[in-house]
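K.L.:
Handing you a structure now.
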Amino acid sequence: MSENSANELKYSRVLLKVSGEALMGDKGFGWDIETIDNLSHDLKEVHDLGVQLCLVVGGGNIFRGASASAPFGFERASNDYIGMLATMMNALSLQNSLEKINVQSRVLSAVSITAVCETYIRRRAIRHLEKGRIVICAAGVGNPFFTTDTAAALRGIEMGCNVIFKGTQVDGVYSADPKKVADAVRYDKISYRELLSLDLKIMDVAAVSLARDHSIPIIVFNLGKRGALADIICGGGLYTTIYN
């Protein structure tokens, strides 16, 4: 980033979707502390620029409700509630990692767990942002059958974010999985309509439709690359923009 990066910010309030898988590093389950701490340092870099930062965390590193129904024999709704609790565990892990480097944050849950964190209230969340705290949203939208991607779109819209960042393991949207298809084409930009028509499964249809209907762009980037988020916010970096 340049010395004048603070004056070159493209966005002032952003929503970052962090998948549960992004927190487990090379492990097959749970957390990788080094990975979480690296993410926290990247978040601090953005926070120190003066950007208001809201996170929505997934829970797939612990439990994935949509795919657990068959092997466990549980109802899908029950599975989704278990998944919401998994997102709470991830949110608290991130909060503790941020506190280690003196970054104030608040966990707000769509499901009331008052002994652990605050219940999500839109105005309260916005006030935390205005006070310079990172807001970490847990428990999705608080209802089963909705993904945390949909929660990210919803929170981004209702909290007035300029953009939704979708952190992945690659540096944008490709025509196919670049880890499996050597000649997969990477898009610098792609419209919501084209994304849906090509059935590129970056986010679920409900999330993409929400963002499209409210004209909020989605930026897909490599969350695992150190400093990538700050680079993009300051006008650089490698990513794909999904737009109307």
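Cβ atoms here come from the backbone N, Cα and C positions, even for glycine.
These figures come from a predicted structure and were not determined experimentally.
Quick paste of what Swiss-Prot says about this protein:
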| type | residues | note |
| --- | --- | --- |
| BINDING | K17, V18, S19, G20, G60, R64, T168, Q169, Y174, D177 | ATP binding site |
| REGION | 25-30 | region 'Involved in allosteric activation by GTP' |
| BINDING | G59, D80, V141, G142, N143, P144, F145, F146, T147, T148 | UMP binding site |
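Describe the structural surroundings of these features, if you would.
P.N.:
Counted within 10 Å of its Cβ, the other Cβ atoms near T168 (ATP binding site) come to 21, all protein chains included.
Residues of the same chain lying 6 or more positions beyond the ends of the region 'Involved in allosteric activation by GTP' (25-30) and with a Cβ under 8 Å from any Cβ of it are 61-62.
Within the same chain, no residue at least six positions away from N143 (UMP binding site) has a Cβ under 8 Å of its Cβ.
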K.L.:
What are the DSSP helix/strand/coil residue counts across the region 'Involved in allosteric activation by GTP' (25-30)?
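P.N.:
Summed over the region 'Involved in allosteric activation by GTP' (25-30), the classes give 0 helix, 0 strand, 6 coil.
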K.L.:
Rank aside, I only need the closest one: which of the binding-site residues K17, S19, T168, Y174 has its C-alpha nearest to that of G59 (UMP binding site)?
P.N.:
S19
K.L.:
Taking only the residues in the region 'Involved in allosteric activation by GTP' (25-30), give me the average pLDDT of this model.
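P.N.:
Across the region 'Involved in allosteric activation by GTP' (25-30), the average pLDDT comes out at 90.
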K.L.:
Here's one to test understanding: among the binding-site residues V141, F145, T147, whose C-alpha is closest in space to the C-alpha of S19 (ATP binding site)?
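P.N.:
Comparing Cα positions, the candidate nearest S19 (ATP binding site) turns out to be T147.
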K.L.:
Between the binding-site residues K17, T168, Y174, which lies closest to T147 (UMP binding site), Cα to Cα?
P.N.:
K17
